[in-house]
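Following: one structure in structure tokens, then a few remarks.
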Protein chains: 2
Amino acid sequence: MTFIKDTFSISKPVRLGIVGGGQLGKMMAFEAKRMFMKVIILDPSKDCPAASLADKLIIGDFSDEHKIYDLSKEADIITFEIELANATALSNLEESGFLVHPSPKTLFVIQNKYRQKKFLRENMIEVPDFELVSSEEQLKYYCSTSGFPVLLKACEDSYDGRGNYLIRSENEISKAMTYFSGRQCMVEKFVKFKKEISIMVARNSSGTISYFPVAENIHEDHILKTSIIPARISKETETKAIDLAIMTMKSLKGSGIFGIEMFVDEDDNVLINEIAPRPHNSGHYSIEACSISQFEQHIRAVLDYPLVQPKLLSNAVMINILGPYNYTGPYEISGIDELFAIPGVKIHIYGKLETKPSRKLGHVTIVSNNMDPLLIKRNVEDLLKVRQPSF
Amino acid sequence: MTFIKDTFSISKPVRLGIVGGGQLGKMMAFEAKRMFMKVIILDPSKDCPAASLADKLIIGDFSDEHKIYDLSKEADIITFEIELANATALSNLEESGFLVHPSPKTLFVIQNKYRQKKFLRENMIEVPDFELVSSEEQLKYYCSTSGFPVLLKACEDSYDGRGNYLIRSENEISKAMTYFSGRQCMVEKFVKFKKEISIMVARNSSGTISYFPVAENIHEDHILKTSIIPARISKETETKAIDLAIMTMKSLKGSGIFGIEMFVDEDDNVLINEIAPRPHNSGHYSIEACSISQFEQHIRAVLDYPLVQPKLLSNAVMINILGPYNYTGPYEISGIDELFAIPGVKIHIYGKLETKPSRKLGHVTIVSNNMDPLLIKRNVEDLLKVRQPSF
């Protein structure tokens, strides 16, 4: 690494390479540029959300090893905002002494859902029961012993719940197997959860761990719609969740920020659902509501700066702005004028040129200590409309 | 204006033209780009702090009317981060129906300190006693009736206290007059103040006024060094200050955010010191500590969106990072590692390529409800050093 850690140089600023220029890359770039770091982004699209913030944009696929090497030539350190980053190319870079965080080894474990769950179970971290599925017969047998419902999951390349299939009875088994035909799959016992929660946890290379307040997450059609902070859970459950998140980070060892999604089941057990080795949608609230954002915490972690415990400055609700489930194409977002009349509101528009079914186009965070989060959610959803352009 | 107020269009985003690409322009650009507005900047330097955030940068002087017309061709609305913007060119644009906010008429009044004070006095707003000075004899006569000290001020083009000369006795009069030789000057009775405070006040074209919490400001060598929020003043003084700030905004009528600097004198009278028709250094704390920042409030005001009253989420201290008073040239900022170990700290590095004597190079905001602001100030100043590059 060519930068001196204690010093911000103006003539030789830190050059942060990011694989992926989506909204996570955009929000990371905001924080980096506030501190006068240079941002170099690898993304397939010249119009990606982070494009106009990048000091340099390399157009290419996340999996293209040559493009990842190109990125390394422009950067002092590489991180990623997407699990699809080519772990092998990143590993090669790491082995050659180049800084890549989180470690490609950790990325490799997390990239595959089966590998991730297996790793966690081997490390004594509570996860729902699961196994690899290679045939319909095997799945049938699993269901006959576990009972319904179960979740069939594609182990790789699945985002925003699109890789999950809920099987409620025997006659859905065959359809589910066909749905994921040709892809590696695992089956997971469906957790009857009371709540879905998550914690953003950061770890720097020196081993310091810090965590953000617990978020309560509401999904609709498997896509995160709303986060409520702090989560409406008991102190006891909160402690369990924090302990579990820290234990997970200790076993994972990567540097950076990780989104740890968890279930609280009907008996108040806390189990790991999934881990994201990057900033996470459920941590966006930290930009407005915390003493440090998940994006700055990530940058500090990958550069091995001190990590202090974030403080919640205000309760918050985060509401995703999703494209319509049945429309692909150009769009506009209406209701801005009335939205701005709500105290504590902040809007983020990612600037994706096209919407796709239920695509994440932006989000709204409201900071307030005296609001009903679900009422606020309904108000914002009633106001903001994603629609075809009117001109 | 080509944009529809209620709607954020992705294919035709709002194009915000900003005269000036310094740190104020940079921080305004961050907020605009979060909301997917386009940012077009006019600045003499291709390396200005906002340059790498601008969707388009027009290189030219703030006073160059042709460049201002160029800017108007690229933008839906023009605002400015610097009083040096050419008010005549902006007036011409406004008269032709183009949106310019704050109004060039307001800019014209504020640009000249004598005109500004005269306007305020005519509007029954309390200011220190002052008059225009055209000769040494006149100044002598003024001093003989008012007593010392007095402040001799250049009426125009003076930033960061560089246009002020404190005259403590008769034999400094001649030196002061020579110092400002050839420039229009005014003399002002020196206010023996207990505190310097300021309020950021925003007004939109619909006439809604909103104000930020009162900041207490500490200057060193006439340059703002630290702001403490909330100001350590009595409730009564706070009310007086807010009333005065609102009264000032009502008479000024411009749309946008204004920095209203005030004195609290020894008898707890509150008087206007100076008005900045733009975001102000003493309002930077709002980025981290308020439910909305002064920069977003400014954008909302100039686009005539609803303005809600900002809420203070946490006490805060803002400390400017200034270049050494005796050095011009390249620089680096050390002490970052230890700075990051302070809870609630956020650093802004503007990225100016060169420092000049006491130049504003960045600032640090600390949010915390349980700190001694002066101790924090000393700690940060002890840690952060601006120095010549070590390589």
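The backbone N, Cα and C atoms fix where each Cβ goes, glycine too.
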Problem set entry | Same-site residue for ATP (record: TrEMBL; known: A:Lys113, A:Lys153, A:Glu188, A:Lys189, A:Phe190, A:Val191, A:Glu196, A:Asn273, A:Glu274; options: A:His66, A:His219, A:His222, A:His298) | A:His219
Seminar exercise, completed: DSSP output for A:Phe190 (ATP binding site) maps to coil
Problem set entry | Count of other CB atoms lying within 10 Å of the CB belonging to A:Glu196 (ATP binding site) | 20
Exercise. How many angstrom lie between the most widely spaced Cα atoms of the ATP binders A:Lys113, A:Lys153, A:Glu188, A:Lys189, A:Phe190, A:Val191, A:Glu196, A:His219, A:Asn273, A:Glu274?
Worked result: 19
Problem set entry | Close in space, distant in sequence - A:Phe190 (ATP binding site), Cβ under 8 Å, 6 or more apart | A:Pro128, A:Phe148, A:Pro149, A:Val150, A:Leu151, A:Leu166
For this session: May I ask which residues of the same chain, at least 6 positions away in sequence, place their Cβ under 8 angstroms from the Cβ of A:Asn273 (ATP binding site)?
Result: A:Pro128, A:Val191, A:Glu196, A:Glu261, A:Met262, A:Phe263
Problem set entry | Under 8 Å by Cβ from A:Lys113 (ATP binding site), counting only residues of that chain that are 6 or more apart | A:Lys153, A:Ala154, A:Cys155, A:Glu156, A:Ser158, A:Gly163, A:Met186, A:Glu274
